[in-house]
Amino acid sequence: MIMHPGVYQLIYTVGADFLIFMIYFTLFLIYRKFGKRHIHSENPDLAIKNAVFSDSDTPFLEVVKHVWETSLQDIYSRCGIEAYMYIGLHIQIIIVLLTMIAIGATALIPIYFQGNGVSEDNLNREGIANVMNDSYSMVAPIVYSIVFSFLGYGLVYIVIKTVSNKAFPANIPIFSYAVELRGFNRDIAPEIIQPKLLEKFKKEFEDDVLGVYVVPNYTESYEAYLAINEAKGQLRKYSLKLEKSIQKGKMKRPMIRPRFFRSKVDAIEYYSGKVEKYQIIYENKLGEGKKGNTGYAYIMCRTPSAAENVKKHFKRNIDDLNSILWFAHTAPAPHEIKWENMTYNHILIRGKRILLLAFFMLLFFVWVTPAGFLKFFSDLISEFSVRSYFESVFNQYLPTLLLIFYQQVILYYSINYIVSHEKRTSLAMETVSRFEKYLIFMAFYVFILQAIGLQTIMQISIDGFWNKWRRDLPIAITQTGQFFTVFIIHQTFISNGLDLLRPVSVIMTKIKLSLPYSAEEKLLIQQASPFDFAYELASTLNSLLIILSYSVAYPIILIFGVLYFYTRYLIHKYLILCVYYVDKRSTGSKIPKACITSILFSIFIFQGVTGLIFMINEDLNIELIGTILIAFSLLIFVILLWKLPSILKKIHSWINHISRISEEREEPLLQFSEAVYMHPVEKIINGRNST
């Protein structure tokens with residue numbers, strides 16, 4: 001039996017990618033013993049970040065044992081709730097996809113192969129296009145589209161149950177007792193407005209409110225303080241370089257070029273001048289900082305439930321404090337606050353965010369579009385005279401690799417640039433913003449724009465040949481499913497292999513260690529980097545969107561989808577345990593909303609794709625089923641989004657350790673301490689800075 005080009009393409013892709021992965025894995029085994037290890041400093045003020053296990057100091061088989069045997073509950077206790085949600089999501093996706101394969105793909109693939117809708121020289125026998133003319137065979141995709149939909153909704157339910165798991169330890173973080181207040185007059189000194197705020201909240205909530213801290217406007221002093229520390233670090237580096245030069249008998253002073261097209265200057269004199277300059281700014285701005293506030297205050301309450309009550313029910317009035325303009329929010333963790341961004345005009349910043357986001361979306365849509373890159377490669381390959389199966393491999397192997405580059409490099413750095421200019425006031429808000437933008441850009445530019453294709457839209461609007469479009473669309477969907485199957489194969493072996501190898505991180509660390517940094521700075525260079533949950537979650541959910549969308553139209557994608565998620569699960573579990581630093585204090589409280597919304601959107605797109613295929617079928621009964629499926633999908637999607645806020649409030653309360661602890665079991669705070677949310681500059685002034 002002669003295999004057709006689509007089968008050749010998948011075999012070649014899997015073989016080539018697996019070979020690349022084995023090369024990555026071999027390199028990983030060779031250099032692993034020189035990789036991440038636990039490092040320590042004798043300086044108690046130097047906070048060094050380490051992974052849970054020391055990778056280089058642990059035998060490989062023991063590392064494998066850690067990855068294999070560490071339970072989800074152990075992940076939570078060792079790494080915190082973000083890692084728990086991330087690893088747990090992979091486990092749940094794997095279970096759902098395996099169920100889809102067991103009850104669906106094993107039936108759909110043989111049915112599609114036995115169809116007679118396309119000729120032998122086409123690439124579409126593996127997809128739904130091969131049975132479009134057979135009403136009897138179309139019963140199977142109709143049934144399994146309904147079954148897969150319920151499995152998708154089951155995944156949503158499991159994610160919600162996992163996030164609200166009552167097995168979490170009942171330790172209550174300090175920020176659960178706090179409320180963040182925004183919107184009051186910034187021109188009033190803290191010592192004047194703070195007693196007034198305390199009086200108002202004491203009057204409304206009595207002993208439930210312990211105290212209020214108004215953040216003074218030390219922003220410019222704080223920025224100068226950060227600049228001083230940075231300049232001191234550079235000064236230590238170049239002083240060490242000078243010492244080494246003297247030891248070699250050269251006495252060569254280090255020179256730098258502060259800006260492009262500027263002459264070189266003495267590095268030590270330059271950074272010494274910077275330290276003096278910013279020290280003067282720091283001292284001068286201290287007095288000004290006491291005269292105003294940032295417009296932020298933190299209200300400490302007796303219990304977490306009291307904090308929730310204050311947040312929801314404080315009275316807004318037209319009074320001398322103009323409290324009608326105030327907003328109360330759940331307070332961030334103290335260590336996540338970005339103090340330097342508090343005094344920005346956030347109304348103007350919101351406008352800037354919208355304009356910057358619109359600019360990048362237009363830029364990617366018109367100019368830096370993956371379709372443009374893919375068309376360039378297709379045109380280039382068509383110039384060469386190659387056999388059909390090689391042409392098939394090149395036509396989708398290289399463009400899908402390019403799509404991975406587009407996702408992991410172009411989108412990654414572009415979105416980091418966008419978020420860096422948003423001036424968020426907490427790391428948690430920044431993480432969620434990055435996550436949402438990664439997800440939106442990946443879903444639209446990597447998947448939706450590629451799946452729809454502008455040529456299809458132009459064909460409908462210009463030609464208007466409904467019958468031709470109805471005949472060609474199933475073939476186009478099958479071919480797109482095949483394209484994304486190759487993409488998922490690349491993700492399985494190449495992307496996951498690069499995650500394991502971490503070539504950029506390893507090379508950059510070695511380069512930095514070769515430079516003349518001080519011993520303490522080299523320790524900071526060698527410490528574990530934070531795991532990027534925002535990007536990795538977005539990448540995970542985008543892959544789930546792709547796999548679910550074509551699970552009925554091109555069910556082979558499910559097989560490679562399970563392989564992708566299982567490989568990713570093992571590698572990323574290893575990275576979280578042995579390579580990267582994960583902050584256990586991070587709550588990840590806003591991530592579930594985006595995750596659940598994304599999964600619901602994936603189900604909606606899946607139902608839309610399959611419903612559209614049914615709608616264009618010539619059998620009126622199947623066409624009616626497709627119409628009903630799309631209408632039902634839209635209705636369920638809207639209802640779930642409408643009900644989602646109330647569901648997520650419950651999830652949010654579980655994550656923040658509020659609702660699962662009854663009021664009788666809550667541990668009340670006995671006294672108010674300003675030190676919890678005190679501005680870093682004020683801590684320095686008061687001699688309370690712990691760093």
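Cβ atoms here come from the backbone N, Cα and C positions, even for glycine.
Listed in TrEMBL for this protein:
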TRANSMEM  6-31  transmembrane segment
DOMAIN    10-156  domain 'CSC1/OSCA1-like N-terminal transmembrane'
TRANSMEM  93-113  transmembrane segment
TRANSMEM  142-160  transmembrane segment
DOMAIN    196-341  domain 'CSC1/OSCA1-like cytosolic'
DOMAIN    352-610  domain 'CSC1/OSCA1-like 7TM region'
TRANSMEM  354-377  transmembrane segment
TRANSMEM  397-419  transmembrane segment
TRANSMEM  439-462  transmembrane segment
TRANSMEM  544-566  transmembrane segment
TRANSMEM  594-616  transmembrane segment
TRANSMEM  622-642  transmembrane segment
Top stretch by Cβ pairs under 8 Å to the transmembrane segment (93-113) (candidates 6-31, 397-419, 544-566, 594-616, 622-642) is 544-566
Residues of the parent chain within Cβ reach of the transmembrane segment (142-160), under 8 Å, 6 or more residues beyond its termini: 88-89, 92-93, 96, 99-100, 103-104, 107-108, 548, 551-552, 592, 595-596, 599-600, 602-603, 606-607, 610-611, 614, 622, 625, 629, 633, 636, 640, 647, 651
The mean pLDDT across the domain 'CSC1/OSCA1-like cytosolic' (196-341) is 87
